[in-house]
Amino acid sequence: MDLPGPIHDFLLVFLGSGLILGGLGVVLLTNPIYSAFSLGLVLVCISLFYIPSNSHFVAAAQLLIYVGAINVLIIFAVMFMNGSEYYNDFHLWTVGDGVTSLLCTSIFVSLITTIPDTSWYGVIWTTRSNQIIEQDLISNGQQIGIHLSTDFFLPFELISIILLVALIGAIAMARQ
């Protein structure tokens, strides 16, 4: 999508602030329903990030799969659980919460100070062969596969890591 510079920048700032507010809502809200709705906001903002980079199919797939299926499943699971068990033993801060908060804050501060100082122009994420340029001989499914394995490799891997962490968290919660 070819947007003028100020509109593109405003869109990125708007979606980024939606991501930050939704992420804070997921972590800080004590009601699990509100937290699940905040997760839905985060997933919608992530899917909308793909639209300015002209990957409408990935945005639609992200929206359908994560918001339409996963988040609705999480909301149904939270609604079927007993809500009183969340509030019985509610302590404001424990030692583990403090250590986790300190660790996450230090990682966040180190990333905020490191990322702007890094020269990203020398980093080559992927290499494309000359065969990919000839797109007339390639079907749409193959083009999606090529784009997922070259142009969108990093977001695809980050999504797979997020799914792995969610799966491990679900297994840990089910064992308790």
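Here the Cβ of each residue, glycine as well, is placed from N, Cα and C on the backbone.
Taken verbatim from Swiss-Prot:
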TRANSMEM  10-30  transmembrane segment
TRANSMEM  32-52  transmembrane segment
TRANSMEM  61-81  transmembrane segment
TRANSMEM  92-112  transmembrane segment
TRANSMEM  152-172  transmembrane segment
Task: Result, the transmembrane segment (32-52) in contact with the transmembrane segment (61-81) (3+ CB pairs under 8 Å) - done: yes
- [ ] State the non-local partners of the transmembrane segment (32-52) in its own chain: residues 6+ outside its ends, Cβ under 8 Å from one of its Cβ atoms.
- [x] 1, 3, 8, 11-12, 15-16, 18-19, 21-26, 58-60, 62-63, 66-67, 70-71, 74-75, 78-79, 81, 83, 86, 155
Open item on the list: I need to check the long-range neighbours of the transmembrane segment (10-30): which residues 6 or more away from its ends have a CB within less than 8 Å of a CB in the stretch?
Closed with: 3, 37-42, 44-46, 48-49, 52, 86-87, 90
